[in-house]
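Below is one structure, written out as structure tokens, with a few remarks after it.
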Amino acid sequence: MPYHRATLSTFLIDERRRTPDFDPELAGLIKDVEVACKYIASAVSRGSLAEPKVSTGVNIQGEEQKPLDVIANEMFLQACDSTEQLLGVVSEEMEGPHAIPRKRSGRYLLVYDPLDGSSNLDLNLTVGTIFSVLRAPEGAGEPKPEHFLQPGTSQVAAGFTLYGPSVMLVLTLGRGVHGFTLDREVGTFILTHPDLRIPEETREFAVNASNERFWEAPVRHYVEECQLGKSGPRGVDFNMRWVASMVAEVFRILIRGGLFMYPRDTKDPSKAGRLRLLYEANPMSMIVEQAGGAASTGRERILEVKPSSLHQRIPVILGSRNEVERLVRYYQAHDRGEELTFKSPLFGNRSVFQS
Ligand code: AFP
């Protein structure tokens, strides 16, 4: 391997040359996020060798925190406290915005899920961090919840890290998606996956199938078509995956395509889905769209949803554009009152609900 390869640092410098209005303060913020992710990667890699001395509780989501949830959040706060560019942060692990001390002029807001997929930690499966960068309102002075309630189209950067067999950081600044792999020997993220693109076609879908009885008709119709494979209306066989770690699902889709679904369901009518809009759906949707994919609630483009609260949940259907668009068409037909049937010589006009 050549000694000198592009790194996250040289990429950010080159970005400045390519895009004159690229704010060096934003580059500085991305570098602070990089530092936080390196510390989290080190903590995660310790696995059961770690003897964390932190108190845990139930977070704002009503979820039992794991020690690494708390540690990862603290690492982000410490890395952000030293940055000049940040007015405040919102985290999955904290109820309200956290003001960065002494930074009343920061031009950016950071929103993050410090450890996504943490229910996989005890299983030694891939987990990650998801982050999103927004502009702070001029003269805001201090971070208020309403400052963060911007649609996903307002994001100026988004990314996620994967703490897996290798540690990776995937980043978009609004001009494509690029993947960096951590060279642990020198402690540097190396540009290994420039210009990631999602194939428009796929034969692979990801959904937690145990929720099938709670799904709306369009999702049940789509999944049943895939399950019928060659003998069904799609005429080809499909594969299914479910890692229960969104960062791993999205990275797989960036590499070989696919459709990821965590749709609205009736399991808990008070929740619009499981995933959170600000620090899961929006950053992942920006990345997926920047890589040529699509991201929808089933009824609208995720990036155009106007947030109403910091921790609101949203249905998520994202990945290969042609498959997202197919499922959106099923929602549209369903909402027009049309019955979703299989149009195929084998099945005639069989409704998904006919026995
Ligand atoms: P945790 O962070 O609580 O493990 O949740 C992970 C997640 O938000 C997302 O990364 C997964 O895609 C999804 O939840 C898995 O949900 P299920 O556990 O219901 O399959």
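From the backbone N, Cα and C atoms, a Cβ is placed for every residue, glycine too.
Worth saying up front: this structure is predicted, and the values here are computed from it rather than measured.
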Same-site Mg(2+) 1 binder from E92, E93, E138, given that TrEMBL records D113, L115: E92
Candidate from E249, E280, E289 that TrEMBL assigns to the same Mg(2+) 2 site as D113, D116: E280
Local backbone state of S119 (substrate binding site), from DSSP in three classes: helix
Per-residue Cβ crowding (10 Å cut-off), top of binding-site residues S118, S119, N208: S118
Additional residues surrounding Mg(2+) 2, by Cβ distance to the D113, D116, E280 centre under 8 Å: E92, Y112, G117, G128, T129, I130, F160, M246, V247, L275, R276, Y279
Per-region confidence, the domain 'Fructose-1-6-bisphosphatase class I N-terminal' (7-194) (mean pLDDT, whole number): 92
Minimum Cα separation from E92 (Mg(2+) 1 binding site), reported as the residue among binding-site residues G117, S118, N208, E280 that achieves it: E280
Set of same-chain residues at least 6 away whose C-beta sits under 8 angstroms from D113 (Mg(2+) 1 binding site): S91, E92, T129, I130, F131, R276, Y279, E280
